[in-house]
């Protein structure tokens, strides 16, 4: 397939309007795929996301003996035996952080050796804290560089019953350990420590999905969970639309003074990034300081929106954005300053956007380096709704989580010029 090298957004001459349903949640789809793969029996996952990230997860599970059928564009039918088997080759997961971290932990339940690997971007993303936490349970696991590839020599048995992990690190580590623990041989307590507890909402997503597949997990304190060794049972599971994807549509609506029907009430989302709706709705009077710690994937959306705000905006609690698909703080400041020098500045791990509503209606030719990051591409497309000359490099990277993004904007009234 030929990839599009560049895509220039042409600012629409009228408000965007129409119906645009976000795809299924990536976060929930990958959790449900793993839990269904660990379960005994056949599960039906509906409303699922079919994208690069979820295909990596599905293919890895197939390599470990799970049967997965795809009867339509939003359904997975998953049949597991209750145990994963050692794959014949290393699991290649591209730059899919959820799949990599979740499967690294799940590999401990395999009776044999599993190598979890990814592309050149994934090989720069840290996984050391998860590896260390697994070692505390007596699991034989190694990652020489602190990043993938990771080698796990599993047995399905643990030598300890308690894990302490820094709550300021990626919530994906905690979710990975929780899902793994239910497949072990003894109850396990998982406790977050440290002053900064980030992205608790994603942990809530994990425990809700675990319970739907028969696990017994109890929150024994605000930062502690006890997981019983119940294993998982097959279930039919409905996946809600992706709240992170919805943020682009909410922002497009307020930027264009349009009316976009997402097909789902804003308060129906259970994902943490849905919190962004209340913030986005305040545009062009966004708060002077926005804490992104509990809605991390929405920060790029709001940061680009902030460029057109009435007053400057400081983003705090976003240090983890430096170890996403790219250094998103650096990518955001670079892209905004490429539009106009001085539009953004980094102060430590904070990002300050020096908003200027007068940007709207100007022509400021700028090529935006996406760093192969889907969220950078989708967020900076929003700038192109108000500024002429915004060109997105490697626009096809949106296939990671929202393959139909450009087509969706087009149905709402956005047009493009592309160059292969």
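The backbone N, Cα and C atoms fix where each Cβ goes, and this holds for glycine too.
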| Identity of the 3-phosphoshikimate-site residue among 189, 297, 350 (reference: 26, 27, 31, 170, 171, 172, 320, 324, source: Swiss-Prot) | 297
| message | Sequence gap of 6 or more, Cβ distance under 8 Å: name the residues on the same chain that satisfy this around residue 125 (phosphoenolpyruvate binding site), in order along the sequence. | response | 95, 97, 100, 118, 147, 148, 323, 324
| field | residue 324 (3-phosphoshikimate binding site): secondary structure state under DSSP, collapsed to three categories | value | coil
| field | Under 8 Å by Cβ from residue 400 (phosphoenolpyruvate binding site), same chain, sequence gap 6 or more | value | 51, 52, 53, 95, 96, 325, 374
| request: Compare the C-alpha of residue 328 (phosphoenolpyruvate binding site) with the C-alpha of each of the recorded positions 31, 171, 297, and give the closest one. | output: 297
